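Presented below is the structure to which this report refers.
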Amino acid sequence: MNFNNELSDLKNRFLFRTLRVQEYSDVARDRIDFFIWELKFLNCVLHLQSFTFASECGMLDISQKMLEICKRFNTPPPHNAFAYWKEVICKRLCAISIRPDASSDDGFACWKKVIWKTKQEFRAKYSFPKTLLADNKVYDDTNPKFVMEFIDAVVGNLNVLVKINDPSSLHFVPGPKEQIEQVLKELKLLRFFVCFVSNKCTEPQYQYTTFYTHALIEASHIAMVVWLNLPIYGNRNQDLASNEVSCLFSDFMEMKIKSIQPGISRNNIYINVLRALKSTIPHAQDKHAAESGIVETPTHNLMVGLSDQMANLQEMLCLLRDNLIHLPILDLEFHLQDMDSVILDVGLLIYSFYDMKGEKEDTTLEDINRELGFDLPRNIEPIKAMVYLVMQKAFHCNLPRVHGLGYADFLLKNLKDFQGRYSDSLAFLKNQLQVIQTEFESLQPFLKVVVEEPHNKFKRLNEDCAIQIIRKAHEVEYVVDACINKGIPHWCLERWLQDIIEEITCIKAKIQEKNTVDDTMKTVIVRTSSKLARTPRMKEEIVGFEDIIENLRKKLLNGTKGQDVISIHGMPGLGKTTLANRLYSDRSVVSQFDICAQCCVSQVYSYKDLLLSLLCDTIGEESERRELPDNELADMLRKTLLPRRYLILVDDVWENSVWDDLRGCFPDTNNRSRIILTTRHHEVAKYASVHIDPLHLRMFDENESWKFLEKNVFGEESCSPLLRDVGQRIAKMCGQLPFSIVLVAGIPSEMEKEVECWEQVANNLGTRIHNDSRAIVDQSYHVLPCHLKSCFLYFAAFLEDVVIYISRLLRLWISEAFIKSSEGRSLEDIAEGYLENLIGRNLVMVTQRADSDGKVKTCRLHDVLLDFCKKRAAEENFLLWINRDLITKPFSCVYSHKQHAHLAFTEMHNLVEWSASCSFVGSVVLSKKYEPYFSIDLYSFYDFAISRNLPNFKFLKVLDLEHQVFIDFIPTELVYLKYFSAHIKQNSIPSSIYNLWNPETLKLKRPRHVRRCTLLLPSTVWDMVKLRHLYIPDFSTENEEALLENSAKLYDLETLSTPYFSRYHVLNFPIRLEILKLYRSKAFKTIPFCISAPNLKYLKLSGFYLDSQYLSETADHLKNLEVLKLYYVEFGDHREWKVSNGMFPQLKILKLEYLSLMKWIVADDAFPNLEQLYIKVENCNELVVKSAMNIQETQVEDNQNTNFKLVLIEKKTLKLNLSHDEDIPKAFKRLFLCPGIESVSTDRKEKKLTVTGDVDAGSSISCGETEKAWHARVVVPTCQHKCGIVILLTSNELGLGREERKKRRKRRKRRAIKEIIVDIVGGDPY
């Protein structure tokens, strides 16, 4: 608001000057804020002096009073009172605000005292005027824009007073602030009214100008009251008590309903302006002024208890107000005049009632009807129609334009559950809901056709109808929820459901008209799935880089003895990552390195994430490690790599600083360790290189482009001569970029190999795709079947360059209802088919596949594809990615009338800010991103705030808070929730968790500091019959009997992870259970119950005492087991495991780690289908290794199982570099701290050090010299199969005490560097 240019300039200069100084005390900052507050109000009051009505309305002449202040300071009064304010007051304040001291305190107190006394004099003479304006006098100088700006300024200053709760602040107002908040609301509503009138009036009229003047007068008197009386400057010099201020505001509120103009009541001003607007509606400007605030204005003035009809009117107005907030202008463009007419009629009715009520106390609605000439009951009908229309439009505009076709399945399941749980609430809709349920069941075959026949001749019509059906499913869900929560009146819900039934009937007629069901339904019975279900695995082909690969391979294996970096750089899409991965996974390269690890950086990265990724590859994944500080993780990585020859892949580095962060973790021990680095920038590549010059990837030539396209489309087959010409033309369009070629190859690979189809691809691509990857992605997205579009866009919820675990991704898809069910197939299997199809189209990159069955284990998206997903998902109103840099704030998003179906957050404070404005959101995913700049207290605040605000997302189906957040309580109000993953702080779960009757995936973790005791689950958990995957570490149940009785009720449960069972001798596992992970109880060493689950496929046991008999009995009950993992298991006193014929007949993977096993006897026909055997053992003898080798021989030679893989992790020893004699005790210390070391012995006479143990990549090596380590002696175990090694030491000081060492060191010079090199054995497949 720029009322006075001179004052505005002063304020700006003052702000500039104060902002340049950063070191303000709290007192100084409060003074500065207070001065600005006073300056703004003075600006408002001074400007009002220029209006002609000021003197008539009782406005005080502030300028004259300011002259008196000048005289009191014995300063010649300037020609302008404002100039004095600037020279005397403002300059003094600026001078004393920066570094307040005793003298400045006195100066400020003096200034404050003068101003306060001046205001006292103003208050003594000021009162609300009884007569304001002369009759029929028009004031042409009142501008609506100025009125709104003035009100905004007053509202802004009042907001400051409401927010300050610190008694020491100069802005503090003691006592309750309800009066101020009420005045604020009145001013905001007045502003809405002014905005509405100014937007709708087509030409100046007396009524409008009078109304603007009236609004300005009301706002100006509020400004005067506040400026003269508030704030009270802390607790000092309070000459005005808080109750007096409240009385002043009460007088103001009462004044609003008194006459302010002779012969014309306040309400008459509103009536006249509304009548004037009503007469101009046909010619009104086409502006969207029907904001929720203008509906709030008459609603706010409705009296309670007038009549049933008025109560209904109030209810409808509230609905209109609440839904207008979500409605864009385009959805109302044909209804604006009707909307305006409804609002004006309601306003006339309400204000006429007040006007007549003032003249006649017993005024009735009939009197108002006669006076206004319209019938209220009849006029309520168009209001109802408008309310219903706005509610529908508001809901429709928030629906995404991309849907998962599984939503119809989700609705049908919920309809049955809702009608059972909420039968009383839904009784009046029972018949309509049954009709809807029948209609959706009849449409299920059609939706199945859409998924399984994507290339049907009616593809476009089928997909359009399918999307309409799913939109209707969303509407039904919303209506049912509104009925249960009583958020919408019954008349509206009944009308809405009836319209839905009619619209579904129209959709069915459209389907039948084209015979889409009759033509294709016959094929559905015999076809179990189309090629969309699964596509052959795509290999990452590299064409044209063979010479480069061979050259880089030589540099990796040979070259300098020291560490070296191979940098690959080039523009996006050239294949840097593909080339680097090809080298990183090359067996001839990997076999030469002890450790291989990789990480992907990206433009926005987390240092901790990079360290964790590298540590995961080197020493395995461990959740505890995530809570360690960065410096400890970096030190752990460095010490792990120190004794080994390593190969590291660092992908997508953007800046030199990233390399600076990481290079210290990669020690150079002259053992030919290598690092592969990819980047887009030549400067980064050059900066990281040591001996080898950076490699710049070139673009393909036309011949290479065609070969690459041909390879990606046809694989090992050759292209038909008929397609060669058009294929080469398509390859040329790709601009010689490998990435573009890969994307384009995904389009014709899903089509018939016919010239017409390929010509269509070429025509659709056109010439616009040169150097424009987004255009290619857009075309690839355009040809996707509708059921795959939502799955593809959902990748926008993940961070850039983050490896995505398929198990989590597929469960999210299922929970989001993206997957359409099919009889005879599990949802996971169908979802895998969807994913394989996206991979086959080259839209998703596979980063890891399972060794056993070749299924995708992890994946990721190329940067270009991820960027497309984020932008397109936002455009389709599907998913909004929210991070710290997002300019759009939640309130601006709400008032732009747009909510998204799914939200992905990178930071917890974003989630808190958006929670209040996202009621329609269906999923919230908080991605992994660390915020080290947050204090612990701030984290606790956000944890609590998120927990408190989660119920605002009442339609949530997915809530994934696995990273960062530790919630204080479980949001049991979210009845639609299907996927819930979070960290919790409690040691017990409340029984109210049963209210979450929809979850299929429940994953609860706890921070390390609260894991000292098991998590206590209520017995109601076992009544959550829809659970399919339960992940809760270290849990037990409060009611053993309930567990025994109800555990089998979880018919759909497929995964039960890490239960902490302690004392159950019998346990009935759910019949469909497929994954079971059990950890040992503190109370029992053995498993006290028999594991009986006929469909179990994956079993992991950790920490138990087992024997051959128990495993044999278990095998009899687990005929379908495919994966068995035994960790830290002891085999009784004899340490023996006998495996008989026929045990675990379907077992494919057997993994044994850290077993206490001396003898392993395996029958020849045991494990007939075994594909992979992984052994990492302790306290074992050579018989165990021999048994493993026999299994391999049986599988490969007898069973002809050429894919069988045996991995033996044998005993390893450590490699140490000693620079001088002083490092010997450090070597002892290091060895004793390595968890795999079993014995260290020394022989002083023979001058040798013998080390025996299992030192693998997980060793934690720590330096430090202690007397205990120097003198330590460990007895070598009798086990003979250990891989022992003798290390000769040239030093004759071994075993000497510290004093003797010092004496000898003085008598001789320091010896030359000695190096102890120990080869590490094991780890590679035999």
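Cβ atoms here come from the backbone N, Cα and C positions, even for glycine.
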With Swiss-Prot as the source, which of 122-144, 536-558, 605-627 is set down as coiled coil?
536-558
Scan 229-252, 421-444, 445-468, 1045-1068 against Swiss-Prot and say which stretch is down as coiled coil.
421-444
Examine the ranges 507-528, 749-770, 837-858 and name the one recorded by Swiss-Prot as coiled coil.
749-770
Would you identify which of the binding-site residues P572, G573 has the most other C-beta atoms lying within 10 angstroms of its C-beta?
G573
Residues within 8 Å of the G570, M571, P572, G573, L574, G575, K576, T577 Cβ centre (excluding the ATP site residues themselves):
R680, L697, L737, P738, F739
Give me the count of other Cβ atoms within 10 A of the Cβ belonging to G575 (ATP binding site).
26
Using Cβ atoms and a strict cutoff of less than 8 Å, what residues sit near the coiled coil (421-444) while being 6 or more residues removed from its termini?
408-409, 411-412, 415, 469, 473, 476, 479-480, 483-484, 486, 490, 493-494, 497-498, 500-501, 504-505, 507-508, 997
Hey, does DSSP put K576 (ATP binding site) in a helix, a strand, or just coil?
helix
Output, ordered by sequence, the same-chain residues six or more apart from G570 (ATP binding site) with a CB under 8 Å from its CB, or 'none'.
K576, R680, H696, L697, R698
Which residues of the same chain, at least 6 positions away in sequence, have a Cβ lying under 8 Å from the Cβ of M571 (ATP binding site)?
R680
Might you list, by sequence position, any residue in that chain lying six or more from L574 (ATP binding site) with a Cβ less than 8 Å away from its Cβ?
L697, R698, M699, L737, P738, F739
